[in-house]
Amino acid sequence: MSAATPAPSTPDVTSPSGTNVATSETANGVNKAILDYLRDKGYKGAEKEFLTALETQPEASTSTSSTSSTISAEDLVKALSVYAQKANRPGENAFKDAASVLQELASMGNPATIQNLISSIDAVGAEEILSLDPTDKQEGFRELEAWVDGSLDMYRPEFRPIIFPIFCHFYLDLIQHGFKEAALKFYAEFSPSLAPTHAPTLHHLSTLLLPLHVQNDELAQRFRNEKYTVRMSRSGFGLLVGWLTEGVGGEPMGSGEGFSGKRGKRGRAAVLRVVNNHLRFDVTSSTTTSVSENAWEESTGLLTSVIPQASGSSSFTNAQSFNASKGELKLGMPAMSEELRTETDRALRDQALVERDPGVHDDLKILYNRPTQETGGVPQSELPPYPPSFRTMDIKREVEKVRDARKRIRLERTEVRTTQGVVKNQPLPSICAYTLHDVGEGVPCCTFSQDTSLMAAGFSESYIRLWSLKGEKLKGYRSDFNASSIRDMSSLKKIREKGGSTTRKLIGHSGPVYSVSFDPTSGSAAPPRYLLSSSADATARLWSLDTMTNVVAYRGHQNPVWDVQWGPMGIYFATASRDRTARLWSTDRTSTLRVYAGHLSDVDCVRFHPNSIYLATGSSDWTARLWDVQRGSCVRVFIGHQGIVSTLAFSPNGRYLATAGEDLAINLWDLGSGKRIKKMTGHTASVYSLAFSEESSMLVSGGADWTVRCWDIAAAGGPQSKVKENGVLTNGNTANGVNGDAPTTNGKEEESIETSDLLATFPTKRTPITNVQFTPRNLCLVAGSYLNPEQR
Amino acid sequence: MNKQGQKARAAPSPVTGVFKPDTIRDVADSLNVTSLSDTVASALASDVEYRIHQVVEEAARFMRHARRTTMTTSDIDQALRVLNIEPLYGHSSHNPPTFRRAPPIPQSTSGAIYFVEDEEIDFDRVLREEKITLPNGPRWAAHWLAVEGVQPLIPENPPAIPKDSDPDALAKPSSPSRPGQMFPLTPPSDRPSPVQAAKKQQQQQQTVKQVLSRELQLYYTRLTSALLPPSASDYAKRTAALASLRNDAGLQALLPYLVRWVGEGVVGALKSGAQSENDGRVLEVLLDVIGALLDNPTLFVEPYLHQLLPPILSTLLHSSLPPSHAVHLRTSAAQILSHLLTQYSTTYPSLPPRIMKTLLLALISPEKSRSTREGAIRGLIGIGKEAVRKGLVEGGGAKVVGSECMPGEEGGLAEAVTDALKVLHPPSAQPVPLDDANEPDAATIQQLKDTVGDFFAERLWGDAVWARAVLTGDSKS
């Protein structure tokens, strides 16, 4: 068996897709060729047997129909291999060199089918094709899995991640070499065990069925051309190498034939080939025990292309070293200019005098607690250029900001020391839900103005609808007026439209509207004057809420614009698009100011850091990045999601970034270090929107599972402890005893995807929550469109 | 679509994916390409599948960004557009085409065929049909999803799931999709599980009970314990209780419970045979309670009449009341009935005829016991003169009763009939008997015999005026 192993592989080569039917003529030709071959080589016995076989065959074929006279190429080569094996016994192995066999076959002037076959084999390399027995991979992979499962508990989390890339490469190899059936069998056999963690990639790979697909598919090419990074401790790596070379290591008891056999060796060789060619081991000196359960997410994958590479200098193999190389970030709040502060101070005092408000001292305290350049505030010069002077509206906004800060609902956790001990009090937010009804094809986006006077929703039917939440009529200015007649406010009022209703339709886009954003310059002091929207028609549009018309269409993206977001101080805005870039614009220019390129797939969402120096983007390449707005360079990369990053949010204090992905997890990142603080799970469907409370102490998320959830930022997170799950905090044992029936415990275990930092879950009836946001006074507003049960 | 594909792949059996080479060959046939080799067909099938997956993967992005969990035809359209392929026109997501499956034809080898149903629209009919009103435009409604972390129990919010509820009810809304899901599950359906429904019902029952204040509940128990079981010593207590029922205001909330209590009490007493003294006393008390309830001016009894009448009529017409109380019980039941009718016949005009029908049936129909007939007569007296005439004279009730009475019998049934006849016309102080010899008198006697029967005719003979009045009323009507 051992010497002839290459031969059985040839039948599969000849029939990558079905069986080739040869005519009876060609069959005769082949027979002749074989006879010649055997005669040349002097295999007497084989020749005799073959002849007798040939003699019996025509009899059968003539007696029955003509179909049986055809002989498939597969049968032919099978027969050939049988004789070759038999020939082994008397003489030395004629097939010791696979290439020579092929050469000989080619030289013998075979029928066209064989010729074609041989030429196709030549293209790939005969040695390789003959060594790539599909059963090899099955064996090799099974052994790898068995080895990983049989390894010590402390190493298993380390070894698990290497299974997946090897699976992918085996599958791609099989497809690339045309073993479609074998590939599908391989997939069906081994993918279920990997599905829980790698479903999207697995599914994508399963759609590749032909060699052509592998050559053209982006993900497949990334697997082929990039190294898949796996982090491993030194001792773990040593064990892996030991197994690959010697076959030593944790074989579970009674798993059948050992690894020491020839087949085991071949399987290991296949694994070794992938390991050599396509894997990079990030060997750390850290001990294996310190690796947490989800840590692999951050350090495993096709990282080289996801991490931006600095030109010329050394390349980074992991996100941490890249983030560290980018140095410190300026995460402080922008310093308030002295003039603005004085004016705000005056305005506050004036108002307090009029209203006889005794709280003015608190107001002033809040005002003067705002960072200045000396106390860590970011000076104006560091920010993107803003107009040097301020306007009345700015003072109004600042005054309102101070008031909001004083009147805000506190959502921080407070600890009261009593005689019994420390009593922790975790306040929960009040949430007002705005449910849209009768929306037709759907509402992809919805947002509230900061002063909560307006709500805007973008529709799939390409229009935007504006509602006044205060019941006021939305009136634009008429267009038929004489400019010279406008002198003061009262004459301006006269040219307002008459009548009107509390809702208004803004028409201009020619594709579904995916994002809307209100201009933040007036803050909570006055209704916003501008609205931005982005759409599938590859434009972003600026709408004036004075005239209720479209003012500018910003063209530049080549593809649908998924998201648009104002800068925290107006003037600038950013867009994210399917064309893999995010762009920076200013409202007064129709051309792009900056292009942020580097993501490998769609940029799905974009948000500004509260100090407007940075910009975060989330992408379909499963990463989020932080960009320097002015330089246009990437300063942080956040790797850890196992799915598309669908939305993100900055904490108002500027220190954290929360991202939510299609892996149903919400990750919290520390911007300064670029490290993941924790992973929050609990949602059972996509998360659509995230928002931090004003104190940055709480995160609220809303999603397609019709729930709004509140998360504690300060808590450590992690899986829920049993005691809390049962809802009894005082005595876990008795609670377990009471609920200890088998079905109950099962249900609880399934529930345990909720991490312990989930403060509360508020279900709605049937409303997927598309937007959550906090007002400056910490009231939570959520919006979504009611999902009619009659709709499919 | 994706999920399906994944599932199909996860199963070990299918070798190729969704698209079979047969499908390709069918398409080729439709394009007049007949000589398509197997290899080409299977390669094409694989490729078509890959391309479709490409489009679907692209469409999934549009679906995600449109914040939907179901893919629509518009997503596919958008995907085709960005892939630089001409979109498929004519599919709108407003009106998704419904595919129908035609079962495979037995002879042919092809499988089931799916086709788009193309409904024929008759314009005449459409135009004739009433105009369809335009739906409202999009609108919003706001509600509190949570107030300081507590979800208010308002109709806009889903019903709260009790914390200690069974695991399957709990698992349903929060069942985590397996993390391996390519696309998130559609959210859980909000149909309440049967367990939840049952729970709800339970809750509702509880709430009804809780409508009664503690004070009223206490009053109710005190009242019923004072009234029953009746013992001689508690006489004072009982009268106090009845007086309270007769006069106190604010008992409306208790009324349904009292009515039910009375009904059950009467049924219980009559069922047990109603021969003992005690049962008689119980019935007496219960009748008193009904009387008291009807007397109370602050109570609104009308909605409960249908529940009150059965106990009254049962007492009145029951065949075997305890002998010591029988007459008294029937009389008081008849009185209550008369009281009830005078009070409610104006607002409830169909009430007297219905009750009379019941009584007449009891009076005339054969195989009724004498005591039932007696009760019926007393009831008729209670209803009034007209009813008595209808029942005894016109309906022939007196005749029926007379035939059952022994000649010369007094008391009981006979007395009741006499009483009833007295209601029609009081007997004269100096009765002048009818003269047998007198021609008109003889005719009257004959008439009397015909209408009320021999037994009572004899009694009426004695008083000519009375007898004539009984008859004239009859002739008048």
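Numbering starts at 1 and runs along the chain as displayed.
Just so it is clear, glycine is given a Cβ too, placed from its N, Cα and C backbone atoms.
Here's what TrEMBL has on this protein:
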type: COMPBIAS; residues: A:11-25; note: compositional bias 'Polar residues'
type: COMPBIAS; residues: A:728-746; note: compositional bias 'Polar residues'
type: DOMAIN; residues: A:133-246; note: domain 'TFIID subunit TAF5 NTD2'
type: REGION; residues: A:1-25; note: region 'Disordered'
type: REGION; residues: A:724-753; note: region 'Disordered'
type: REPEAT; residues: A:506-553; note: repeat 'WD'
type: REPEAT; residues: A:554-595; note: repeat 'WD'
type: REPEAT; residues: A:596-637; note: repeat 'WD'
type: REPEAT; residues: A:638-679; note: repeat 'WD'
type: REPEAT; residues: A:680-713; note: repeat 'WD'
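On the 0 to 100 pLDDT scale, the model's mean across the domain 'TFIID subunit TAF5 NTD2' (A:133-246) is 84.
Below 8 angstroms of C-beta separation, residues 222, 301, 305-308, 319, 322-323, 326, 329-334, 378, 382-384, 562-569, 572, 574-578, 580-584, 643-650, 652-654, 657, 659, 661, 669, 671, 674 of the same chain, each at least six residues beyond the ends of the repeat 'WD' (A:596-637), sit close to that stretch.
Here the repeat 'WD' (A:638-679) has long-range neighbours at 197-198, 200, 294, 297-299, 301, 303, 306-307, 319-320, 322-324, 328-329, 331-333, 604-605, 607-611, 614, 616, 618-620, 622-626, 685-696, 699, 701, 703, 711, 713, 716-718, 755, 757, meaning same-chain residues at least 6 beyond its ends whose C-beta is under 8 angstroms from one of its own. Across the repeat 'WD' (A:680-713), DSSP classifies residues as 0 helix, 20 strand, 14 coil. Note: the repeat 'WD' (A:638-679) comprises 0 helix, 24 strand, 18 coil (DSSP; helix = H, G, I, strand = E, B).
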